[in-house]
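Per Swiss-Prot, the features are:
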| type | residues | note |
| --- | --- | --- |
| BINDING | 29, 30, 31, 32, 50, 86, 87, 88, 89, 90, 414, 495 | ATP binding site |
| REGION | 525-547 | region 'Disordered' |
| COMPBIAS | 537-547 | compositional bias 'Gly residues' |
């Protein structure tokens, strides 16, 4: 295909136009008085959201070069969401400010590589300042405050997240699902999470969140590697007849077996996902036995003379729901017998008491926590499907931000920490004026998140920034909800340090890429329609399956 090539400032200007289009759509959601964005869906009713990354992900531009800029900015928002669970709009606002100011200086003749070095120095200094000023959170009240702010001021969400953490511990497994009624409840169910993700992204059922969600699945636990599905045909046929999904947990699923599962998943004949078993060696076997007890299934092991071809559907475990991400698998509400689970817990406790190895003790305690801790489920209800989905998005954001706060502590919110941190950059020593200009870019950009929060509340951002910079107290800020100047920490307006840090680092990374880019190569726009016909789903034969 022919390529379109642009050099220098001409290309960068077009990239920045794409950055501006995406940033203008996302920035309106920032702060307690941020607005909603309505997004057309390919099917069903439109989505209404105040979540920056959801807005960013929905944007594709027709112009290829502008779209390249939008996609770069989208990557900053997406990365912030993946690492810290929040801060996506802050990352977008910062990245746009850094890229815009940097491009102006490059056009004025400054060296882009030295500008980048100056920006990197400044960002590292601000990150250290954020770490220094962060405060650990311990109380339920502080956890609720973080959840409230991250869910756009919804106190109920903050309180429910704090309650869920109290039930299963700060490191415990908490999931979010839609309720069948108007209420918003916390329920603790039998469940387990382990650190193994899907073996192929083709198993994903929710492409927006990149997770595989299996409702009421069968669970096959196999001790060895699966490289050929031939021995499994009888059990696979039985699962297809039941019209329920299947989760395969094995030492590994590889080659022909994995390819066949993927093909059948894509053709819709078999709702399936496969993950590697957690742990190694003897510990792997023990953990698989734990999962078997939790789900009322059997571990298919050759030690007991069991063979895959002889396995019936009765040997499979079951659970209410399984969610699989790139890195983790969460089994919610396994159908295991309560007494069997309690007996297994007692057995592990006695092993902990008997072992002399610190390492073994630690691993046994991990197993005990997984088996006995349970899973807290936040059940989100509402009057309409649109309302439930919008609220569920906010709950998921708030939960991720609260976890980040527990991990790295909190700082003053509302853009105040970044604003005051910018003033510590005046004393940085650099090699030349171009690097100094890079530092100045960061100093100016760090004002933008606070300005945007204030402007979304209907006030003048520049005036508020000026007033705050006159004040020596680093926690002194502007409460955009009540339109008052307050001590942000005392007022409970706090942000997770990890969210603020990640937003800045991801924004600087993307902005640096833009200002150091000299040539752009994209596909030449084509007037022809796509000549490839759409794929047809399903195949004849055994339930659309192809073994």
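Placed from the backbone N, Cα and C atoms, the Cβ positions cover glycine too.
Mapped onto this structure are the features recorded in Swiss-Prot.
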residue : record           : contacts (Cβ under 8 Å, 6+ apart)
29      : ATP binding site : 35, 36, 37, 49, 50, 51, 52, 55, 89
31      : ATP binding site : 414, 452, 453, 454, 456, 457, 480
87      : ATP binding site : 80, 81, 401, 495, 499, 500, 502, 503
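When the record's ATP-binding residues 29, 30, 31, 32, 50, 86, 87, 88, 89, 90, 414, 495 are compared pairwise by CA position, the greatest distance found is 17 Å. The Cβ neighbour count for residue 50 (ATP binding site), using a 10 Å radius and every protein chain shown, is 20. Secondary structure at residue 89 (ATP binding site), as computed by DSSP, is helix.
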